[in-house]
Amino acid sequence: MEDDAPVIYGLEFQARALTPQTAETDAIRFLVGTQSLKYDNQIHIIDFDDENNIINKNVLLHQAGEIWHISASPADKGVLATCYNKTTDSRVQACAAVWRMPKELESGSHESPDDPASTAQTLELLCHLDNSAQGNVACVVWEPMGDGKKVISLADSHILLWDLQPSSSQAVLASSATLEGRGQLKFTAGRWSPHHNCTQVATASDTTLRGWDTRSMSQIYCIENAHGQLVRDLDFNPNKQYYLASCGDDCKVKFWDTRNVTEPVKTLEEHSHWVWSVRYNHSHDQLVLTGSSDSRVILSNMVSISSEPFGHLVDDGDISDPEEHHAEKSKEPLQDNVIATYEEHEDSVYAVDWASADPWLFASLSYDGRLVINRVPRALKYHILL
C-alpha cells in the first residue's frame, strides 16, 4: 500500500504564517503569509487538487507589512486576520487587522503555480484591531464554531476580546484583562477552546500556561513552569474538553489535563530543537502534528490519552457472527508511538496545520518559504477507520 509523495510549493519570500481556510469544508485550501522587509508582502491562497496531486495558487498583496501570524474566520471564507509589523519613524510596531479577499478568490481558482501572467490582487481592509495603547500583537484567534463576530488578540501583557460589527467594518473592544506579575510579561500564543460553550481561552507567556474565562476575563487555571523554556504554541483536544497540548523551546511537547495541572499527563521528546507548532487532528484526536526548528515535522499517535484509547470499538449488537467478534480490535489500550517523521524541509518549520476539509491531510511551512503538503499514511488511516 504505497503512500502518495509529498507535494512541495515554494514561495519566493521567507514565511512563518500558515492557516487552513477554516470556513471551507469542501476544498483543501491553506493561506500562507510572507515575511519580507524589502518587498510588498503577500498572502498565497493554496488550493490542493487531491485527485491530481497538484497545487493551484492565487496571490494577494499584503502591503501593510511582514506577516507574523494569520488566522481565518470560522464562518466566512473570505475573511481573515493578520498580525504584521509596521515601521514608523524607525519604530517597529506589531499590529493586527481583519481583511476580506476578493469575492472570486474565496473559493479558489485553477491558476497554475508557474503562470507568469498571473497578477497579485489586493486585500480589502475591514478594520484594525486598534491596540496602540496595549502594545505589540502576538496573535489573533477567532471564536471557534462561532459566527465570525468575536476575536481575541494578545498584545504584550493584554488579552483583548473584540466584537466585530456587521460586515466586520469595525471592531469594538468588549472586555480585556492584563497579566499580573514581576518583569516584562508578554503573551506568546493563545488558543480558544471549542468546549464549554466557547467560554475558555488558553494563553502562553514565558514558561506559563493560563486559562481564562471570556465572560469575566478572569484566570481559571495556571500551569507555572509548564516548560523549562519559552512556550511557543498550544492547542486544545477537539474531543476531550479538559485536554491541552503545549510545546516550547525545551524541545518538548506536553499534554495537560486542566483539572489537575501539577504535572503533564504525557511528554514527548522527539525533537532536537525548539518546537514551534503543535496541532491536534480535528476528527481523530490521537493524531498530533508538531513542527520544529530541527527542520522536521513529526506525526505522533497519542492514542492512550485520546478519546478512543481502545481503538474504534464495535457494539456487540452490530456483530452477527461471534467468530467475527474475536477478530475485532482487542480491548487493550493501544500503544503511543511516532507514526512518521517528515524531512522535506531544510529550514526551521514554524507552522503545521491540518486541512479543514480533509482529516488525513496536513501542511507544514518552513522559514525559507517551502510549503509541504503530506498525508497520514494509508495503513494507519484504514487502521483508525476500520
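Residue numbering: from 1, along the chain as shown.
Glycine too: its Cβ is placed from the backbone N, Cα and C atoms.
What Swiss-Prot says about this protein:
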MOD_RES   Met1  N-acetylmethionine
MOD_RES   Ser320  phosphoserine
REPEAT    132-172  repeat 'WD 1'
REPEAT    182-222  repeat 'WD 2'
REPEAT    226-266  repeat 'WD 3'
REPEAT    270-310  repeat 'WD 4'
REPEAT    344-384  repeat 'WD 5'
Model confidence over the repeat 'WD 5' (344-384) (mean pLDDT, whole number): 96
Per-state residue totals over the repeat 'WD 1' (132-172) - DSSP helix, strand, coil: 3 helix, 21 strand, 17 coil
